[in-house]
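**Student:** So that we are looking at the same thing, I have put the structure below in structure tokens.
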Amino acid sequence: MNKQMEMERGREKGDNNICEAETNSVDWRGRPSNSIKHGGMKAAAFVLGLQGFEIMGIAAVGNNLITYVINEMHFSLSESANIVTNFIGTIFILSLLGGYLSDSYLGSFWTLLIFAFVELSGFILLSVQAHLPQLKPPKCNNMLSTDNGDQLCEEAKGLKALIFFVALYLVALGSGCVKPNMISHGADQFNHQKQSKQLSRYFNAAYFAFSMGELIALTLLVWVQTHSGMDVGFGVSAAAMALGLITLVAGTLFYRNKPPQGSIFTPIAQVLVAAFLNRKHISPSDARMLHGTHTIKNVNPTLSHDNMGILLHTSRFRFLDKACIKVQDGNNTKEISRWRLCTITQVEQVKILISVIPIFACTIIFNTILAQLQTFSVQQGSAMNTKLTKNFHIPPASLQSIPYILLIFIVPLYDTFFVPFARKFTGHDSGITPLQRIGLGLFIATFSMVSAALMENKRRISAVNENKTISIFWITPQFLIFGLSEMFTAVGLIEFFYKQSLKGMQSFLTAITYCSYSFGFYLSSVLVSLVNKITSNSSHGGWLSDNNLNKDRLDLFYWLLAVLSFLNFFNYLFWATWYSKNQTTSATIQQDFNSKVVGDDSIA
């Protein structure tokens, strides 16, 4: 009866789909969305367009930035590598800001719109600086040096350096806040319970759009930068970003928008504060005595579990249960603020956040490897024979397009054939679980650095001992192997975090995955400095201290990363197994609860 009355109310309001009302999503005017008019792959396609254009612009800048910093801003090799890794690391750590603003105050659509303009302004300023000679140091040969080994070229300082870094970090701010919201806004176009397969397909489609954007950036746009100048190249990146903005706005009428929920940190902070304040109290042996414990009797059967966001008590991190202890005063319960008494659902959400931290941490080394492919491997290629034909040379930064050429074919095949095939055996909508996908990617990544070390050793021996310059294609295997690894790890990580049972925090959770990139690139900078310090002595510099790779020992640095990656894989296996055991128990309890709710719902 209650359900019939609810449906009647929906019809009176002009809502043709009761399920849409339950998701609390709205259209561009703030009215309840309609499943026929809003959402689905039709709406997500516009977001995928933005993603393709945005990555096209940022990749063309980021992947060839080290060439611009060395050749035109005249920083040293190690400084240039750190500038690039710090820039990219900042992009990803700022994704937390974008996720927070989206979930708490702006919503994903408005966050995308505002910060896409910020990113566009950064591209334009970079293009202006690259075009005007008075905003750059005088041109010179960066390989020349004095008898004492000092560089002759004037390094960018003062106003020139200020304009460069302002432009660079405007791009970082814009891109950082845009990235998590592109993924989450596209995924918000699907009902997570009824369209789980379509949602999984969307994540693969998002990676395909990413691969296409990277491929165009690393071939066409890098070629433009090399042959027409970095000013034109940065201008093309600005044009790509402008097209992305147009694509985003074009889909306005079709989006399902999730309204912001207010500060997402407040409920988390309340749990931590309440648990601390109640630390001296003893948790009851019966979890049903905790505040906010849900039973079948006190759940309204007309509401779906997905809408309620109810989570049941689990035994992990029991110290947080103290936040749910009811303080008794005689026979009456005191009126206590939310900073001293929280619900089980609040506590379980914090438990989920803590549980996923080790999974997140295990992908940092993976992204440290990615940092090398965007810095040292580009310089590695510059020291090799880039001639393809008599009159055509391959830009070293374009080497990174090799895996994406492969992936634009592999990703559709993976989604079309492998996922349905694997689904028959695993029963999982994604074919294999996100955790399995991440693990497979982390295992493959190690061999990318093994290949890089072997090829650099071969290149160095040929150059130093035989005075030969080997072909640039010798280093393609390290890019191919890592590209395959990234297809598993990056998509698996985003899917894993987005599907966690934390209502109203999807953009922020997606942003957490990008923080892995940030920490990976920052760790790269630390490792470069640390390795140089440890391996240097009075007569020789460190492994990476010289601008000449023939004098450096980049191959040993790659071997170090291969060992770290291999050890990290076993570390991941431990934490993934730990998480799965806890998640299995939690899921069993939750499924039992859901089945009972469904049973009550049918009776009603």
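Every residue gets a Cβ built from N, Cα and C, even glycine.
Dumping what TrEMBL says about this protein:
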type	residues	note
TRANSMEM	43-63	transmembrane segment
TRANSMEM	83-102	transmembrane segment
TRANSMEM	109-128	transmembrane segment
TRANSMEM	161-181	transmembrane segment
TRANSMEM	202-224	transmembrane segment
TRANSMEM	236-255	transmembrane segment
TRANSMEM	350-370	transmembrane segment
TRANSMEM	402-422	transmembrane segment
TRANSMEM	434-455	transmembrane segment
TRANSMEM	475-496	transmembrane segment
TRANSMEM	508-531	transmembrane segment
TRANSMEM	556-575	transmembrane segment
**Student:** Restricting to the same chain and to residues at least six past its boundaries, which positions have a Cβ under 8 Å from a Cβ of the transmembrane segment (202-224)?
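**Tutor:** Answer is 41, 44, 48-49, 51-60, 63-64, 182-183, 186-187, 189-190, 232-233, 236-237, 240, 395, 397-401, 404-405, 407-408, 411-412, 414-415, 419, 487, 490-491, 494-495, 498.
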**Student:** Taking the transmembrane segment (475-496) as reference, which of 236-255, 434-455, 508-531, 556-575 has the most Cβ pairs under 8 angstroms?
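**Tutor:** Most contacts with the transmembrane segment (475-496): 434-455.
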**Student:** Sort out for me which stretch, of 83-102, 109-128, 350-370, 556-575, has the most Cβ pairs below 8 angstroms to the transmembrane segment (236-255).
**Tutor:** 109-128
**Student:** State the non-local partners of the transmembrane segment (508-531) in its own chain: residues 6+ outside its ends, Cβ under 8 Å from one of its Cβ atoms.
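**Tutor:** For the transmembrane segment (508-531), the nonlocal Cβ contacts are 78, 81-82, 85-86, 88-93, 95-100, 102-103, 176, 179-181, 183-184, 264, 356, 360, 363-372, 375, 493-494, 497-498, 500, 502, 542-544, 557, 560-561.
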**Student:** Tally Cβ pairs under 8 Å between the transmembrane segment (109-128) and each listed stretch (83-102, 350-370, 434-455), then give the stretch with the top tally.
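**Tutor:** It is 83-102, which has the most Cβ pairs under 8 Å.
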**Student:** I'm a bit unsure how to read this: which one of 161-181, 434-455, 556-575 has the highest number of Cβ pairs shorter than 8 Å with the transmembrane segment (350-370)?
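**Tutor:** Checked against 161-181, 434-455, 556-575; highest Cβ contact count belongs to 556-575.
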**Student:** So what's near the transmembrane segment (556-575) in sequence-distant terms, Cβ-Cβ under 8 Å and 6+ beyond its ends?
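**Tutor:** Same-chain contacts beyond the ends: 358-359, 361-362, 365-366, 368-369, 372, 376, 438-439, 442-443, 445-446, 449-450, 452-453, 456, 527-528, 531, 543-544.
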**Student:** Report, as numbers and ranges, every residue of the chain located at least six residues beyond the transmembrane segment (83-102) whose Cβ falls under 8 Å of a Cβ in that stretch; write 'none' if there are none.
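**Tutor:** For the transmembrane segment (83-102), the nonlocal Cβ contacts are 58, 62, 65-66, 69, 75, 108, 111, 115, 168-169, 171-173, 175-181, 184, 260, 264-265, 371, 374-375, 505, 507-512, 514-522, 524-525.
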